[in-house]
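Peer 1: Sharing a structure below in structure tokens format, with a few things to ask.
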Amino acid sequence: MNELLKHENEGLKKALQHKKKHKKKGKALDLQQRQEYQGGDVCWSPRKLREARVREVVRERDEMEEKLRKARAKKQREEARLQRQVELEEKRVERQRLKDAREQERAENAAERARKVEAQHQKKSTQHAQKRKRKASRVDS
């Protein structure tokens, strides 16, 4: 059973290699025919074939340069987007830090006011207690 599968696998591999070998297609050269051409057999001079091949090379080079230009532009856009994200994150962190500092300062101010109010109440209550003692001592005498 195993040998049968192995043999079938090898046969499929050979068939695939054979198919790949014969699959190569050539590209038609741009031989720039005249407008008045109406069909029929045409013989192309070696010079025309050379020129067509050169045009093909130039076209492929231009396509490659365009792909590179687009790839560079895409990379620059991505870098700019990442930079904007970093800057926005830094601004957000800075805003949060300032907000926390303001809240801390407000809390400290509120605590200080509460201490002052408590101190005033304490002072008033001691003054009031002393007044009562003085009044009580005056009444007694």
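Backbone N, Cα and C atoms are what each Cβ position is placed from, and that goes for glycine too.
Among the features that TrEMBL reports, compositional bias 'Basic and acidic residues' is placed at 1-13, 89-121. Look at TrEMBL and you will find 15-26, 122-141 tagged as compositional bias 'Basic residues'. Residues annotated as region 'Disordered' in TrEMBL: 1-37, 89-141.
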Peer 1: Of the residues in the compositional bias 'Basic and acidic residues' (89-121), how many are helix, strand and coil by DSSP?
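Peer 2: Breakdown, helix to coil: 33 helix, 0 strand, 0 coil.
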Peer 1: Looking only at the compositional bias 'Basic and acidic residues' (1-13), how are its residues distributed among DSSP helix, strand and coil?
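Peer 2: Summed over the compositional bias 'Basic and acidic residues' (1-13), the classes give 12 helix, 0 strand, 1 coil.
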